[in-house]
Amino acid sequence: GLRGPRSEKHKTFKHLIFMSLSSAQADFAPHFYDNGPYSQNGNLALFSLSEDTPVGTQIYCLNGTDPEGQEVSYGLSFDPGSKEYFRVDPKSGNITLVEKLDREVNLTVVERVTIFVMDANDEKPDFQNMPAIIDITTASGSSIYKVEAVDRDTGSGGSVTYYLQNGQSTLFAVDRHSGVLRIKSGEMLDYEKTKTHFVTVIAKDGGGNFNDKEQFLSSSATLTINVIDAQDTPPSFIGTPYFGYVYEVSVPGSEIFTVVAKDGDVGNPNPICYTFEDGDDGVFSINKTSGCITLVTLPIYLRREIFNIKVRASEVSPEGRLMDYGVTTVVIRVVDLNNNPPTFYGENGQQNMFELTMYEHPPEGEILRGLKITVNDSDQGANAKFNLRLIGPGRMLRVVPQTVLNEAQVTILVEDSAAMDYEKHHFLTYKLLAVEIDTPERFSATADIVIHLLDTNDNAPKFASDYYIARIPENSPGGSNVVSVTATDPDSGPWGDVKYSIYGSGADLFLIQSESGIIYTQPWASLDAEVRSKYNFYVKAEDAEGKYSLAEVFVTVLDLNDHPPAFNDNFLEKTMVIGAPVKIEAVDDDAEVPNNVIEYAIMKAEPDINIFDINADTGEIMLKSYIKSMAIIQNITKQRDFTWSLVVQARDRGQPSFSTTAVVKIDITETQLNGGPLGSFLMQSRNKPLQILGMLAGVISLMVIVTVIISTATFMRNKKSNRILPNRRVRRRPRKQPTWNFKNPFKTPEAPAEKFRVEEEEREPEVIVENVNYNNNISNVVRHWPPPPPPSAPCLPPPPPPYIPGERHRAIPTISATVAAKPKKKQVMTRQDTVNKALVSELKMRLEQKRILIH
C-alpha cells in the first residue's frame, strides 16, 4: 500500500503482490528479497510515492528467488472494484504507474499514536528440524532438504541466513534465505565412492545492537545423508589392460586369457555375462560366465600377428535380461618361438664362404658387386631381428645394412681404399657375423669372405736414401766403382723392375749400370784432386711405366800424396846479418793435409861445422843462439871466409813421404851498410837485382803521385767556381764460390739432405807458376779453376755405354762425412829445372867426397 506522512490526510491503495514459478512443480515457494524500507528494489516495503508522479514512470522493481533455482514471475492484484493504478512486468518485476494519483480524492483523516518497543539482538537462531538423518537417491541439482531456523528477535536481528561449513569443498549447496539444501549442479552422489555424507549448516542472523554494540549471532546443526545404492553403474573390468599370447605350439582349446568384471553397484550387484563385441575373427571363443578366452583353431591358420578383441561385460537382471554393460579390449599376440638362427645364402642356396678377386685400391664407397650374399631368419617379430658385423683386418670394408629384420641383401662397401694394398696383403679374410638382438638365445651365424687382391702399378721406385756420399782416390783407373745406389719398387712383375740412370753437369765422368745401380768412372776418366775434388749429380730410378724418383750423389776425389815439395830454385843465395834469420820456402802441390804440409831440415853444411839452426815449420834459417858476433864464428870455425853452403831438405808428411833438397849459399855479415836501412836492404838484396829495381820503381812512382796530388789540390783551391767532389772508391767483391747444397730439386726443403752441406773452397784464378827447382822434369802446366756448376737438375744425358762384363770394379763404400779440400797454387816447371838439378847433384857429390877425405 501507499501511505502518506503522519497526521496528514492520505489515500490508501489495497493490492496484493505475488510471485509464481514458471515450472509446474516445486518443492519450496519462492520469496522476495528484503532490502530494507524505502529501497527501490525488493518487496515494496514502506514504499512512498508523490501524487504528481507522471503516468508511465517506472517506480519500483520487484526482486525475489526460488530455493531450487527455478525461474520466477511477478504479479499485482487489487481490491475488487478498485482502480488499478500500477502494472508489473511478470519477468523483470518492474512496476510502472498507469493512472494519475490524486491525494485529495476520498479524504480520510486517521490519527494514530504508536509506541514502539525497540528490540535488541539477544537471541540466536534456533533450528527447528536439525540435526536430522535422511536417505536419498537423487540426481544432480535436486533439492533434498529444507533447513528451518527461527530467531525471535525483530528487524535485522530476527532475519536468518543459512551457510554450509566448508561449502566450497562439498557436493551440496544451501539457499541462504530459504534454507533449501540441494546437490550442486554437475555433481552426483555415488554410493560406490561414499555411502554417508555429513553436512553442517550454519544459521546466522542479520546482526543488531546489544549493550550499545553491534553483534551477529549464529547456530549450527549437522544433517546426516545416507546414499542409497541404485543400479546406475555399469560393470567394470579388473586388472586391465589385458594381454594374451598364442604360441606356435598352442592347440585348439588352449586357454589364452581370462577376463574378470564386477557390477559397479556394489550394494546389490548383479551377475555378469561375457561376450565378444568385435575383433575375434572367429578363431577365439569366450565363456559367458567365467570370461575365459580359448583358441579354436591351429596357430598356422591365424592371419594376423596381433588381435585386438573387444569384450563386453553385461549385468544380468533377476529376470535374466541383459542390462548395463562395460567394454574392454584384450590384445592377443601370436608369439613366434625363437627356433631359427640367422642363415646366409648365396646364388645356389645356403653358403658359408664367399670369394672375390679384385684390383687393389678400389674407390672408396664402391660396392663389391661380385659378392652376392643374402641373410635370412625364419622366425617372426623380435626373434627375427639381428645385427650384421664385419670382423677383419683394419677398417677397410663396411657392411650394409647393420640391422636386419627377417631378411636382407648384404652389401659390402669399401671404407679405406689406401689400406687395400697388394704389397701389404695379397688377400683379405673377413668374418661376416649375424647376431640376434633381443632374444635370450642370441642365435648367430658366420660366413667367411675372402678377397684376393690383384696388383697395380701404384708405387714409384724409392731410394734407400735421398742422397749418397762417396769417396774415390784420385789415382783410381778408369772404370773404378764409385758407389752403389739402391731403389726398391714393391710392385710385382715389370712394375717392380727398376732401371737406373744418371744425369747432371757433374755426371760427365761417371756411368751407372742400369740394372744393378753401380756407379763407376768412365773408362777414359782421369781423376785429379788438384784439378777438381767434388762432383755431384742426380740418379734416377724408373719402373716400366715411367714412375720414378730421384736421389743426389756427391763424389769426393780423395787426394793422394803424389807431389813432392819443390823449391823456387835449387840453388839459393842468402845474406845473413847476425841476429836476423833468412827464410827459404818450398811448395807442395798436393790438395790436402798432411800431403801438402812441409817440414824443413838441414842435411849438410860446407864447411861441415854447422853453426845454423832451421825452423822445421817455417823454413827460417838462423845462427845458433850462442853466436852473437863474427868473432865467435871465427873462433869456432877457424876460418876467415864467412860463406857457408847448406843442403836443406823439404819433406812432406804424406804416406809415403816425398822430399826434395836445395843448396843454400849464406854470406854472414855483422854490420849493415852506411846507407842505413836502405843500404842494409841493398846489401841483403845484392843477389836479387829485380827486387832492387822494383823497390826503386816504387819509390819513384810514389814521388810522382805525391807531386800530382799536391798540384791538383792547389789548382782546385784557386778555382773558386769549381766544387771539389769526393771521389768514389769502387770496391770489387771477390766472387763467392758455390757450395755443395745437398738439396734435391724435386723434394721439399725439409728433405734430410738439406741438413748436410759441404762447403766448396774458393777457387783461385788462373795461376801460372814457373818452377825452376823441381826435382823431376815436368812440362809447363796451365791449370784453370772454373767455378763448379750449381746442383740443379739439367736435361737427361745421353744413355751411358753398355756395361762390359769382365772388367774389374772396386766398390767404394758410401761414407757420410764432410770433405773439405784445400787446393793450392800449382806451379809450372821450366827447362831450367834440368840444369839446376844437375848443379845440386854435383854439389852433393863434392860435399860427400870432402867428408870422406876428412874422415
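Each Cβ is built from the backbone N, Cα and C atoms, and glycine gets one as well.
TrEMBL labels come from automatic prediction, so no person has curated them.
Taken from TrEMBL, the feature domain 'Cadherin' covers 47-127 (among others).
What TrEMBL records for 141-237 (among others) is domain 'Cadherin'.
Per TrEMBL, the feature domain 'Cadherin' maps to 238-344 (among others). Applying DSSP to the domain 'Cadherin' (238-344) sorts its residues as follows: 3 helix, 53 strand, 51 coil.
Under the heading domain 'Cadherin', TrEMBL lists 350-463 (among others). Across the domain 'Cadherin' (350-463), the prediction's mean pLDDT works out to 91.
The domain 'Cadherin' (464-567): residue composition by secondary structure is 7 helix, 47 strand, 50 coil, according to DSSP. Look at TrEMBL and you will find 464-567 (among others) tagged as domain 'Cadherin'.
The domain 'Cadherin' feature in TrEMBL is assigned to 575-679 (among others).
Annotation comment: TrEMBL describes 692-715 as transmembrane segment.
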Ranked first among 141-237, 238-344, 575-679 for CB pairs under 8 angstroms with the domain 'Cadherin' (350-463): 238-344
